[in-house]
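Have a look at the structure below before the remarks.
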Amino acid sequence: MAKLTVSDLELQGKKVLMRVDFNVPIKDGVIGNDNRIVAALPTIKYVVEHGGKAILLSHLGRVKTEDDKPGLSMRPVAERLSNLLNKPVTFVPTTEGKQLEDAIDGLNDGDVLVMENTRYEDVKDGKYVKRESGNDPELGKYWASLGDVFVNDAFGTAHRSHASNVGIASNMTQTAAGFLMEKEIKFIGGAVDNPEHPFVAILGGAKVSDKIGVIDNLLSKADKVLIGGGMTYTFYAAKGMKIGNSLVEKDKIDLAKEILDKAGDKLVLPEDSVVAEKFDNDAPHKTVEGDVPDGYMALDIGPKSIKTFEDVLKTAKTVVWNGPMGVFEMSNYAEGTLEIGKFLGTLSDAKTIVGGGDSTAAVQQLGVADKLSHISTGGGASLEYLEGKTLPGIAAISDK
Ligand code: AMP
């Protein structure tokens, strides 16, 4: 069933609790990259423009001791948000109590308030009590009592059951998705539940073990699953091929065999690789077909594989990509990843969905990100979503 979204809510004069993802890189109080704050602006502006009082909660980093707190304050984030919105933002340096409650009571329609890092609640009186990340029922109930409606726009934490997402939602009559969350549900959820065919998945990255759930789930949904990256060579080993010194998970070879048997020709492995003498950009390297020769390690897919993958992709109507095709951090082994990213940018008839830090970095570096349908904002959350798991943060959003 479709989920309630912020545009379904009556917001005028309401205290709107909003779980956003302001988990930005921060060092000595200086924000390294404010992409996540910028990404949250559409939902915040919508609430403000519709007369809601926006009360924002987010976690920032991991708080395990009292000493972690000062460096992980939300104050610089609130200041940046104020600059981006071009209006005052009230920052409350606490997560509960009279100061917070009074500040909320003092809000006018259209005002914005940011409370302190929700993970400050993980440490109380010097003890690591995990009230936020352990979803303490009293904490969720308390935060819920501060608002009239709840908007969850933090997809990055949707795979976790925390007080600030699931805890609040379970104490509210209405929980809606923000626009970012709505887009994740539409594209990733849509691809997994109801894809337009042909549906092609491209899965790369270092290890089979990290992606096994995704491979399994997508083999049952997709028409083709293209494999690249380091995990290729565990599959090669399972087929009895030579892998030289390539990355391999020996304890996953049997599993890889099972997958190959089950998948038949649905699973497509690279037919050639760029192989190098050492894990080094400047090491002697060459392209080989099939077996990886002794003394070499495979660090990228080769040109024939790129061509084969593109042939499969060109008729696709839905494409999901997660994980690089090679060691794309080194320029000599980046071509597979960059060519696939570039090609996705040309598929104007397909829904193209990219998840995972490395694939996202690749499409951004190529400048094709805005040609794609959706770039996921959540690493762990998007993988679990692709595995077909129910994400507690999404399950807790009200149905329409
Ligand atoms: P993951 O976090 O599982 O998505 O893996 C990403 C990492 O896998 C990147 O840092 C890549 O450099 C690495 N990687 C991709 N292909 C290979 C390969 N053939 N051999 C070793 N590492 C690889």
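The first residue you see is number 1, and the count goes up from there.
The backbone N, Cα and C atoms fix where each Cβ goes, and this holds for glycine too.
On a predicted model such as this, the values are computed, not experimentally measured, just so you know.
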For the ATP site that TrEMBL describes with LYS211, GLY356, GLY357, ASP358, SER359, which of these is also annotated: GLU182, GLU184, GLU310, GLU329? GLU329
Cβ under 6 Å from ligand 1: qualifying binding-site residues of ASN23, HIS59, ARG160, GLY357: none
Listed ATP-binding residues LYS211, GLU329, GLY356, GLY357, ASP358, SER359 - what's their greatest C-alpha to C-alpha distance in Å? 20
Roughly how wide, in whole Å, is the group ASP21, PHE22, ASN23, ARG36, HIS59, LEU60, GLY61, ARG62, ARG119, ARG160 that binds substrate, by largest Cα to Cα distance? 18
Rounded to a whole angstrom, what is the C-alpha distance between ARG36 ((2R)-3-phosphoglycerate binding site) and GLY357 (ATP binding site)? 14
